[in-house]
Amino acid sequence: MIFYFALFLLFFLLSFLDIENVKTSVKTRFYILSILLLIVLSGLRWKTGTDWDMYFYYFTTYKSFDEFNNGQFEFLYSSYAYIIKSLTNSYSVFLLVTSIFIIGFKAIMFRKLEPYFLVCLFAFYAIYMGDLFPVRQNIAISIALLSFYFIIKRQKLAFVISVIVATFFHNSAIILLAAYPIFYMKMSNKLILILIATSLLIGLSDVLTSALRELKGLFNLGGGFLSERITDKLQSYTTDSYSSNISSNVAFLISAARRLIILPIVLYLRKDIKSTVFNGYINLFVFSNIIFFLLSKVSIVFVRFTSYFALAEILMIAIVLRSQKDKRIKVLLLIFFAIYLAIRLIVSINTYRDLFDPYYWIFDKYIPRITY
């Protein structure tokens with residue numbers, strides 16, 4: 001845990017370079033060095049991170065194009081893995097190349113989208129753990145950041161193409177098609193609060209879980225191959241839910257409170273930040289939370305959809321800080337966001353602490369970790 005919070009402290013301190021309006025050239029040097037650090041740590045890790053066994057076996061066992069494209073993963077990811085495997089058998093090289101793309105691409109896009117890119121780096125590390133342990137969805141999330149750029153530029157065709165490409169790396173990226181219309185919706189603070197409250201109540205009621213179970217029963221009665229496939233999907237969606245020592249409702253409310261900590265401040269400052277882009281990020285942030293409140297108790301599978309919209313949260317935080325003219329307010333807000341982001345990081349680490357802590361890399365001679 002100390003290792004991860006040392007990185008957290010480093011990126012927190014670097015974010016003050018944005019607050020102090022240090023020259024862009026100076027900030028860029030620190031930014032590049034930080035990105036290189038994350039790429040090295042991500043690419044040279046060993047037996048650290050989720051789904052290690054599955055991805056390690058997939059890359060090291062298969063050899064031919066047909067073996068890689070066996071339906072286990074999406075076409076573009078399978079093809080990408082095959083191309084790297086045809087060049088090298090080293091899984092570390094594969095991880096390093098993947099990290100260069102995932103982290104490097106996000107770094108380029110954050111730099112392009114937001115002048116406070118060191119604040120983006122700080123928030124990115126806390127929310128996504130800096131992509132230290134990427135899986136194929138992280139590739140899709142990086143491409144999602146490009147789709148945000150196309151939304152802002154109102155390039156609809158390029159946006160759709162980027163979403164299609166992301167979907168061929170991880171099919172959950174299809175949810176991004178909703179991002180374009182949602183980004184430009186006009187929603188008052190009152191409407192946002194009503195939507196949040198309504199989705200919370202529906203989520204707590206378990207009405208959607210019951211509806212899916214009823215739907216599963218109907219398909220069971222129908223019979224046939226298609227009905228069996230749909231039933232299997234519904235079964236996985238209604239059984240893969242919260243597993244905790246506390247009740248699901250308590251866990252749900254704790255998660256909801258954590259997600260909504262920054263919403264009051266963002267909505268309060270909204271009137272002073274008259275920006276279509278900022279309002280768009282708020283819309284995506286709200287949409288992400290509505291998905292979580294409605295569907296997370298149905299299955300944690302649906303939580304994957306929210307991962308794409310956390311990018312908007314990162315950019316939203318940066319805009320809030322950049323828009324403040326009083327430096328003291330900026331510092332106070334940065335500290336507030338740092339506390340919030342520290343909570344996010346702690347929750348992320350503790351979710352799979354046995355797989356994340358301690359961090360191991362290829363230079364460790366002894367790694368006493370059982371992966372899965």
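Heads up, the Cβ atoms here are built off N, Cα and C, so glycines get one too.
TrEMBL lists 29-46, 91-109, 135-152, 158-179, 191-212, 276-295, 301-321, 333-352 with the feature transmembrane segment.
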For the transmembrane segment (91-109), I need the partner stretch with the highest count of C-beta pairs below 8 angstroms, choosing only from 29-46, 158-179, 191-212, 276-295, 301-321.
29-46
Stretch of maximal Cβ-Cβ contact with the transmembrane segment (158-179) [cut-off: under 8 Å; candidates 29-46, 191-212, 276-295, 301-321]:
301-321
Counting only residues 6+ away from its ends, which parts of the chain sit with a Cβ under 8 Å from the transmembrane segment (301-321)?
18-19, 110, 113-114, 116-117, 119-120, 123-124, 127-128, 137, 140-141, 144-145, 148, 172-173, 175-176, 179, 236-237, 240, 262, 265-266, 269, 273, 275, 277-278, 280-282, 284-285, 287-289, 291-292, 295, 330, 333-334, 337
